Amino acid sequence: MELNGIRRRLATAKEAERHRLLLELIRAAAAEALDRPGPLPLDPGRAFGAQGVRGRAAGRLRERLSEATGLPLPATVVFDYPTPGALAGRLCALLLDEPAGPGGANGQMEAEEPIAIVGMGCRLPGDVRSPEGLWRLVHNGTDAISEFPEDRGWTVQQHPDPDHLGTTVTRHAGFLYDAPDFDAGFFAISPGEAVTIDPQHRLLLETTWKAVEDARIDPTSLRGSRTGVFVGLMYSEYGARIRRVPPGAEGYRVVGSMPSVASGRLAYTFGFEGPAVTVDTACSSSLVAMHLAAQSLRKGECTLAVAGGATVMATPWGYIEFSRQRGLAPDGRCRSFSADAAGSSWSEGVGVLLLERLSDARRHGHRVLAVVRGSAVNQDGASNGLTAPNGPAQQRVIRQALAHAGLTTAEVDAVDAHGAGTRLGDPIEAQALLATYGQGRPAGRPLWLGSLKSNIGHTQAAAGAAGVIKMVMAMRHGVLPRSLHITEPTPHVDWTSGAVELLTEARDWPADGRPRRAAVSSFGVGGTNAHIILEQAAPEPERPHAPEADGEPRPLPWPVSGHGAAGLRAQARRLADFLRAGPAAPDADLAYSLATTRATLTDRAVVVAADRAEAIARLTALAEGDQGPRVARATAVPRDRLAFVFPGQGSQWPGMAAELMSCYPVFRESIKECGRSLAPHTDWSLAKVLRGESGAPTLDRVDVVQPALFAVMVSLAALWRSFGVEPSAVAGHSQGEIAAARVAGALSLEDAARVVALRSRALRVLSGRGGMVSVAAPAGQVLRTLERWGGAVSVAAVNGPRSLVISGDPGALGEALAAFEAEGIRARRIPVDYASHSAQVEEIRDTLLTELSGIRPRPATVPFYSTVSGEPLDTTALDTGYWVRNLRDTVQFDRTVRRLLADGHTTFLEMSPHPVLTPGIQETAEEAGADEVLTVESLRRNEGGPARLLTAVAEAHVHGVAVDWSPAFAPHRSPARRPAVLRLSSGAATGLRTRPRPPPMFTTAGLDGIDHPLLGAAIPLADGGGGTLFTGTLSLATHPWLADHAVADVLVVPGTALVEAALRAGAECTGRAMLEELVLQAPLILPEQGTVRIQLSVGGPDGTGRRALILSSRPEDAGADEPWTRHAEGTLAPGGGHPRQDPGPWPPTGAREIDLDDCYRQLAKTGLHYGPAFQGLKRLWRLADDLCLEAELPDSAGESGRYGLHPALFDAALHAAALAGPSGAEPLTRLPFSWSGVALYTAGATRLRARLSFTGPQSLTLTAMDPLGHPVLSVGTLGMRPVTAEALHRAAGTAGTALLRLEWRRQAPEHPAGPDLTGWAWVGAGAPPAQPPDGRPYRDLAALRAELDAGAAVPPVIVLAEPATPEGTDPFTAARAALHRTLAAIQDWAAEERLAGTRLVVLTQGAVAATPGALPDPALAAVWGLVRSAQAEYPDRIGLVDTDDPGRSRAAVAAAVHAGEAQAAVRDGALLVPRLARVTATDGPGGPAWPADGTVLVTGGLGTLGRLVVRHLVTTHGARRLVILSRSGGDSAEVREFVGELLAQGANVQVVKGDAADPAVLERVLDGIPQEHPLAAVAHLAGALDDGVLAAQTPQRLDRVLRPKAEAAWQLHRLTARARVPLLAFSSLSGVLGPAGQAGYAAANAFVDALVQRRRGTGLPGVSMGWGMWATRSGLTGALSDTDARLIARTGVRPLTDEEGLALFDQARATGEPVVFPLGLDITALNSGAPDGIPPLLRGLTARTPARRAGAAEAPEPAGEDLAARLAATPEAERDALLLGVVRGHIAAVLGYDDPRAVAERRPFSDIGFDSLRALQLRNRLGAATGRRLPATLVFDHPNPAALSRYLRTLLLPDPAPAPTAPDGQPGPDQADQVIERLNSASLEEVLDFIDHQLGE
């Protein structure tokens, strides 16, 4: 572009467009300068150097810009204007001949104008982190003095003699223990540089940020402002303490601790351009800095000023020096002005104040905290000594400050004195105050005197600023806090010489009709004195109350941001905590302040929430890494090329603008304007149409829908613009071009309204004579097919690479449709009855030319891209003829999008009430290979309110679009009130603070600090051999990323960490070393709690320079005699080897890529559990027997710069070997055990390219380089060795069996406000009263169905309330009746199609014992068992709630429905959820001894388990008399053999045939037990199964299962109660887990558990044992298939061996628990399972770590529309494979296969283990995955996986193209409505019964 052309474009463009044009020029020139393709994506606000444009590249950039602009730019231009934004501003000024900005003050300043304090920040002793924290400390009278820090390596000893050399008289003062911690990444400071930065500088950076935010100013908004910096510092010894310069730190050490750089660093980091001064006047530094800042402001040198000071002591020399001078108090406390004052206390702290001229603060609306009325600074001069204070000088500085303020002494109420607590200094200061402020005061109004130093000690350079903050807070609270430690006033002062009194108690500080005033003094040890006078700020005007919400609360945006994902999560957590603390301000004010005063950083999120509770819940989820609904989250990239796109028809829906019209004035006014412009051409009201008012025409008329859509689209664009989002281009599809032209300024509103109204009216002539069809195929293929119909069918629109619309004659279209279907091309009709964009339009051409004549197009203010031509268009050509062509010609939308992409537009915002163009844009962008393309939809169908719009704005914002959030608060404004800017929590300034290491001030005494995360220190050995001992500690607290490395559920420190430590030790000893050999001897196990201490011993060199090494560990809390565990031995050799050069092409030619989808779930199945920190493997290729890979260090692994190679990244490179080992290798869990020839060439890599070459089944070599091909690491040989879970569990001490009990744990509701009860149905005799709108009561479901038949609305929730069992009722009879009722009700609910989307909640009272001492109702407990099983068959559709208060049942259900748990109890209003927890077990025989002469009655004792238990009673417990009651009797040979075996053991065994549930039989058996051998115990093992899906269950089938288990238990309890003997009942885990298909069995066992619990509650002995699975197959488990066994194993419950089961039987009796659940646990499976594979009850048993790891093999596919969108975005040739993978994954999960590839795609379901239950489970899973309601006949209709996947494809993508734009046609129904599901006349029971017989055998 030539110079005059640039100038012309700039002269006519708006300011934002000018800036954008010049940024594009700079980005293109930068790309040329760096020899890179395309414009360089430079961030306008970041320095060129930080973005790679430095050195020669900066010079080339200047040359390119000079050539492009014709400007003679100086060689220093990139340094003078160091960011792209600044340089663009400079170029704009030069090109438009604008004068340079002012360099000095703006106008005359008032020489004595007061200075406002508008912001404050501090960090002080006592863990004070804010001004509020300081106020709490002084108001509470807290003493913040504590002991010396232990981590600074201070070896100085305490000695009471002040003359004892080298010692200190005290080891107490006020410290900032975490002073070294720093969020370096937040300030874009590298780890290497951060190590060198003095902690004082770090604290100033963080505290300045907080002070600016405290002023309600976005810190980033001050970049380039004339803000001054005035900070006080007095120490600079930190840099000298860094004896070893860490890697990456050379060149920073000097400036890192120079005091002068502290102010410069602040200015540089924040972009301040006012004066920057560092002040060192010792203890008065910060007050002098404040005085200088005020002067600079008054002179106009700056507009804002940062003033303050900081002190952190790197060495203890100050204590030694002042001990010699007798200036320190022995106890470290300043006793200011007290008779027993004994010296000062050297403390630490930082205080920062933000100052502004008072007039400016008021003009800018900044809150004024206090006013600086006057200040003065002077010097002692030639006083009594260099360091001695001088009273007259102090009097002079006070009088100068008073004169400067224009005040008398009596007008100042209080002074926070220097008050250091010295015997000399305090009396001198007190006399000076008496001689000044003590004179001329009214009676009864003394000067009140105190000192902050009495609380926190002397914070030295920060003391004055801290005192100011204290007094400002005291003014604001109206209280003068007391000074501590004053026993009585010092006698060295004549207190009668003036009216001054000490603040020995806190005092109210009334204003008395005038502002409160106070002064602060600071005196430097060198004689520089400072005094500042503060005045209370004028009260802020009272604001009107927030307007009351008129109905539903309006949503608000809550934006947060951070540097990095961890920083963002930390910010979300802080904000959630702040809101949870309950600030009283309105939510709108809080959100407004957050949106307008906080910096917007790169990692962003926005929570859209209607109330505070919702905001807290979503922020909490965000902090935990979850992204729920109405939460946008992304990492921003620059997005200044943004296009507004406007669709044709198809996006409309009734009510699409109503909510926005009521909320946003901008939108409402735009609609009104459109309505006025349309009125002359229509006979209907736009507003009434949009609101759907009675009498208004509907949207099915083309002459209504097109003008209405036009108005909505234009108004949406106006609304987006009000949010500060301006388009750099516009494009419209068909009639959408009319709206685009209006928004671009190319048509007046009147002309645009005329075009859309008259053209749509003309279209009605064509109705009934045409049609349109969407086709999913490339344009060329479609055109070839259409050739046979000539002009009868035309291509109407090309929407994407494989998405077209054709139009024409109805008959020809029908033939074309059939032809496409015959070719296998998906095509479908669009419901319109005319053919726009076809020859039919010619019939209305003349009409249009006539009616649209007079249109006056004009030049656009925004570039207009025509979809008629597919190119940018001069909009003066948008005449009448253009709008006819727009209707007649093919819509070239695909071409237009490609041109927009080519021109650099990466963001597309769709201005429509429902997204129509977005899918096509995404498809085109993907095919075009465009990166970072963002598409945002404004609204969605039936989501047309502020929540949806704000979510759309949030999506744009988080991805990098600049947004002004002010319009978001329009619904929260009233004429009298706008949202206020509030002061938010000061803790939310920075993200994650970590400790840059190793500042040697924090190393252990006597050791050299090692800058390594694993090896903290080293000490040379004194044996003369040249050896070194390295030490370090490991724990999850210090190395949290190790929690993500678990093998078989045991935390194992990866071998790569040991190698890394060995390499670093070698480098420390020899400068550069190769690890010649390392053999791992034992795994290094990391405990969940506590610390492991490691030692790495490196011997001296031998004759060849080699050194032996040994690595050992033991727990840190181990006793002195506890041995160390040796983990590795090896050899270090000198030198690092020579890396192989010439890496060659990448990936290597011929390499075949391996799909890594789900790879970490696959590894988890082998026992290798890698959490996020270790999930670094990104791509993998196979080349013959070699593997090539790319790996990247995840953010969660922490810093990389201090490692040679981060162990997590090193380990990730080895994951390839586990995933794709050499051919023939067995699939075992292998870990590295030997290394040889390991050399490191480059330190700190975060990305690797590596090649693994297998040299055997268990050995390999590795070479790794960085992405530029530079060598990083090589491994000569790595040996792998299989490891077993048992071995690791032995090492870690974890168990494989467990005794569990059911606990009820309190859980906070996810939505504390509870759900809306509107429309709920309350069914049954136990239902609480319900009145509309909170639901309606129904006698039963039949009554509800009758209302539905009459047209009533379908309820969202049905509550089925089961009545409580009446007192005195037989519990089994009650249970049977309740179960029959519940079964019938659930079956009715499931069979009613109209209730398919309704949730069923079964409500009981007292069914579960949820609190200690409670006794459950066995009848209702049985109902819980049945419903638990039903939940497994109808996942996420049925809930269980138990309450203790019928009157609060509705509240209980409301709380539980949103609790996120399928089962819940509500007790005293608290929500409780069930979890299984471990019970302490005892070894050996447990419980009371079995009486040798007593009789044991056993039911079910002849089954497999029964015989096992009976034999155990005889052989282990010595039982000698047994009666076995069996329904089958003892006639079989097998039973006779068993009895004979027992007889041989000396037992007397009687087998009785009979039914234990028959009371007559049972009474007869009991009566037959002889008195000399009375009944001693009852063991109830009997049971029966009758499995089947719930729909096929009947009351009779239930009864068959209930009788032998539940009814028999009731009779046994009833008839043995008087005997008071133990009842040992065998129940099943199914009673609480509720497996699908076992409703009756689950109910029976739940009844038994509750019955025994009630029995125990009445004082009778007994225990119910709810067994998991036994390995020995019994009558209850013998029918289990292999599939059943796999599925059970997937839950983490493994079969018990006989020995384990019998041991648990004994232990269960000894626990004292009434109900226990003995089972075997496969901890690996338990922790590996996906959430839907592990029942919620068992999730509490999973190991704590790795909490974030990948789960077991499931089908981790996106659900619903996400899957459909993913399918649409997948190339046509890959879609079948994608869906088949989803289907096979879910089938594998249902059948319990670890690998989905085990599912053959064409094998019939009947051959792979499907029965009716598994058919139902697969239907449920696929229904959830697709978001569609699938028929129960799914498996029958589609008999193998391949057929099923084909069916799902047609369901998800009936037309795989994006939702077609019917350019001027009628609206198309939603895609979901297009799906025609198969209808079947059979009942569900008949279908399932058929599947059982056909597929289940």
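Cβ atoms here come from the backbone N, Cα and C positions, even for glycine.
Copied over from Swiss-Prot:
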type     : residues  : note
DOMAIN   : 112-536   : domain 'Ketosynthase family 3 (KS3)'
ACT_SITE : C283      : active site, for beta-ketoacyl synthase activity
ACT_SITE : H418      : active site, for beta-ketoacyl synthase activity
ACT_SITE : H458      : active site, for beta-ketoacyl synthase activity
COMPBIAS : 540-553   : compositional bias 'Basic and acidic residues'
DOMAIN   : 644-962   : domain 'Malonyl-CoA:ACP transacylase (MAT)'
REGION   : 1012-1139 : region 'N-terminal hotdog fold'
ACT_SITE : H1045     : active site, proton acceptor
REGION   : 1151-1289 : region 'C-terminal hotdog fold'
ACT_SITE : D1211     : active site, proton donor
DOMAIN   : 1494-1671 : domain 'Ketoreductase (KR)'
DOMAIN   : 1777-1852 : domain 'Carrier'
COMPBIAS : 1862-1871 : compositional bias 'Low complexity'
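Recorded features from Swiss-Prot, shown on the structure.
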| residue | record | Cβ within 10 Å |
| --- | --- | --- |
| C283 | active site, for beta-ketoacyl synthase activity | 27 |
| H418 | active site, for beta-ketoacyl synthase activity | 32 |
| H458 | active site, for beta-ketoacyl synthase activity | 31 |
| H1045 | active site, proton acceptor | 26 |
| D1211 | active site, proton donor | 25 |
Checklist outcome for this item: Among 112-536, 644-962, 1494-1671, the stretch with the most Cβ pairs under 8 Å to the domain 'Carrier' (1777-1852) is 1494-1671
Next on the checklist: Through the lens of DSSP with three states only, how would you label H418 (active site, for beta-ketoacyl synthase activity)?
Outcome noted: coil
Checklist entry - How many Å lie between the Cα of H1045 (active site, proton acceptor) and the Cα of C283 (active site, for beta-ketoacyl synthase activity)? => result 51
Item to check | Pairwise Cα distance for the residue listed as 'active site, proton donor'/H458 (active site, for beta-ketoacyl synthase activity) [Å, integer] | outcome: 50
Checklist entry - How many of the residues that make up the domain 'Carrier' (1777-1852) does DSSP mark as helix, as strand and as coil? => result 52 helix, 0 strand, 24 coil
Checklist entry - Taking just the CA atoms, what is the gap between H418 (active site, for beta-ketoacyl synthase activity) and H458 (active site, for beta-ketoacyl synthase activity) in Å? => result 9
Checklist entry - Can you check what DSSP calls the residue listed as 'active site, proton acceptor', collapsed to helix, strand or coil? => result strand
Item to check | Between H458 (active site, for beta-ketoacyl synthase activity) and C283 (active site, for beta-ketoacyl synthase activity), the C-alpha gap once rounded to whole angstrom | outcome: 8
Checklist entry - So, in DSSP terms, is C283 (active site, for beta-ketoacyl synthase activity) helix, strand, or coil? => result helix
Checklist outcome for this item: For the region 'C-terminal hotdog fold' (1151-1289), the DSSP residue counts stand at 31 helix, 62 strand, 46 coil
Item to check | Per-state residue totals over the region 'N-terminal hotdog fold' (1012-1139) - DSSP helix, strand, coil | outcome: 21 helix, 52 strand, 55 coil
Item to check | Overall pLDDT of the domain 'Carrier' (1777-1852), taken as the mean | outcome: 77
